[in-house]
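The annotation compositional bias 'Polar residues' is assigned in Swiss-Prot to 164-177, 314-332. Residues or ranges marked as compositional bias 'Low complexity' by Swiss-Prot: 348-361. For 385-396, the entry in Swiss-Prot reads compositional bias 'Basic and acidic residues'. Under the heading domain 'Arf-GAP', Swiss-Prot lists 10-126, citing sequence analysis as support. Residues or ranges marked as phosphoserine by Swiss-Prot: S231, S241, S270, S274, S331, S377, S435, S458, S460, S462, S464, S465. The region 'Disordered' annotation in Swiss-Prot covers 162-206, 248-269, 308-424.
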Amino acid sequence: MGDPSKQDILAIFKRLRSVPTNKVCFDCGAKNPSWASISYGVFLCIDCSGSHRSLGVHLSFIRSTELDSNWSWFQLRCMQVGGNSNASSFFHQHGCATKDTNAKYNSRAAQLYREKIKTLATQATRRHGTDLWLDSCAAPPVSPPPKEEDFFASHASLEVSGAMQASAQPESASSTPWGLETTPEKHEGGPGQGPSVEGLNTPGKAAPEVSSIIKKKPNQAKKGLGAKKGSLGAQKLTNTSFTEIEKQAQAVDKRKEQEDLARGAPKEESIVSSLRLAYKDLEISRKKDERLNLSGQKKVEAERLGMGFGSCRSGISHSVTSDMQTIEQESPTLAKPRRKYQEDPEDSYFSSSSKWSEQSSRYFDDPMELRSSSFSSWDDGADSYWKKDSSRDPEPAMRSTGSSDRPSARRKPEYEPIGSTDEAQKKFGNVKAISSDMYFGIQAQTDFETRARLERLSTSSSISSADLFDEQRKQTAGNYNLSNVLPNAPDMAQFKQGVRSVAGKLSVFANGVMTSIQDRYGS
């Protein structure tokens, strides 16, 4: 037995997927499944096929219905005898309604269904061999191809048939041209007897008058491609009395006029009532004016000041433009502006520096007193020494805050500019070019220390500003000592000297004490 061809495989799966239950996934219900489980004969989506593949081929053998072309006849028979509906009913009959894939296909019901599908597929393969369809899955009847219809020909035929039907229909209410009724001929008499003329004097039956001009026909169902049944849209006119229509129109106009009059009456009544109220208010206000005996300017002022006792409805209110008076201020006093800077900037600078120096001197005086009080218990001489230092004039502290702290080379030398221009002309009259140092005499006042430093650094290949101005470079944190941290002020120098003297005296005192102890207890 050979393998089925690709056309046979496509034909079989096309037939199987046409079943409504096979158009969705057996496990999750996704549409258009393209994979199949041969072991159960069900259709699956690509996600559920991965879950079945993880179970193993001994539980579920997966193939693609579109990509795989090496199907065998036994595998195709498994799909034909199976199906999503058969598998679903079998699992429900055996009480397997779980959604878990592992639990579902490892259950007893799944094992029984696998054996059933295998048995039915083997029997179908032996019975039908290589036949494309089984008895239970017969080939679908081939329907003839739809015949192409000519749109214009069908439309024309429908119109012609409709016109013929309209002409064949008898008129419902027909009458003679003159409204006479004709009676059938009576053949009971002889052949010479003519038609009866008894109905000539009888008036014809008048047709019932219809209020509408055009008679509407009931809607009829349309057939074909929009063709209308009956005539080509023509509508029949009936006998209508135009005088009756005119009477109805006049009646409608009269009704509208009456409605307009009825609407206008309440408006007029409201206007009249409002006028009555206005006249009543005017009468009340007039009586109050007579009682208060107000007239002329007094009445206007009373109403403006709110003394109308609730009757101020004449439109008079407080006005900004009326009775406005301009009040002028007599002998205005101007505020004297405060001077932001009372003194010259240089004076303020020196005054601020003097204040700071006073505060700093006060700060430096306090530690001295504290130190003197602490050391007074050790030596009376030290106490007198600190008292002597604390009573000194705080001028050194004031001088320390000035410009004397800066190096002498960086300070601007104090010089006196040349008094008159005649001296400068006499001094520099024959010189082609001069500098500011020459003009102000700065070069002549160069300090001796600066010259000495320049001579000392003349042999150096490179110098720095710290070397030129004899400034100490910044030391590392490990090289700092108490002398570098404490400010270099005269008071601090005296403080250091006092500490050294006290320390020396303390050491002498300690040596004396130790010597006396050794002499007393050592021997």
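Here the Cβ of each residue, glycine as well, is placed from N, Cα and C on the backbone.
The structure displayed is predicted, hence computed values, not measured ones.
Annotated features, which come from Swiss-Prot, shown on the structure.
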residue : record        : Cβ neighbours (10 Å)
S241    : phosphoserine : 13
S270    : phosphoserine : 10
S274    : phosphoserine : 10
S435    : phosphoserine : 9
S458    : phosphoserine : 8
S460    : phosphoserine : 9
S462    : phosphoserine : 6
S464    : phosphoserine : 11
S465    : phosphoserine : 8
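Cα distances from S462 (phosphoserine) to the modified residues S241, S274, S435 are smallest for S435. With respect to S465 (phosphoserine), the closest of these modified residues in Cα terms is S435, chosen from S241, S270, S274, S435. When the Cα atoms are compared, S270 (phosphoserine) and S458 (phosphoserine) turn out to be 119 Å apart. On the backbone, the CA of S458 (phosphoserine) and the CA of S464 (phosphoserine) stand 12 Å apart. Of the candidate modified residues, S241, S274, S460, S464, the one lying closest to S435 (phosphoserine) when CA atoms are compared is S464. Each residue in the domain 'Arf-GAP' (10-126) gets a DSSP state, and the totals come to 65 helix, 11 strand, 41 coil.
Looking only at Cα atoms, S274 (phosphoserine) sits nearest to S241 among the modified residues S241, S460, S464.
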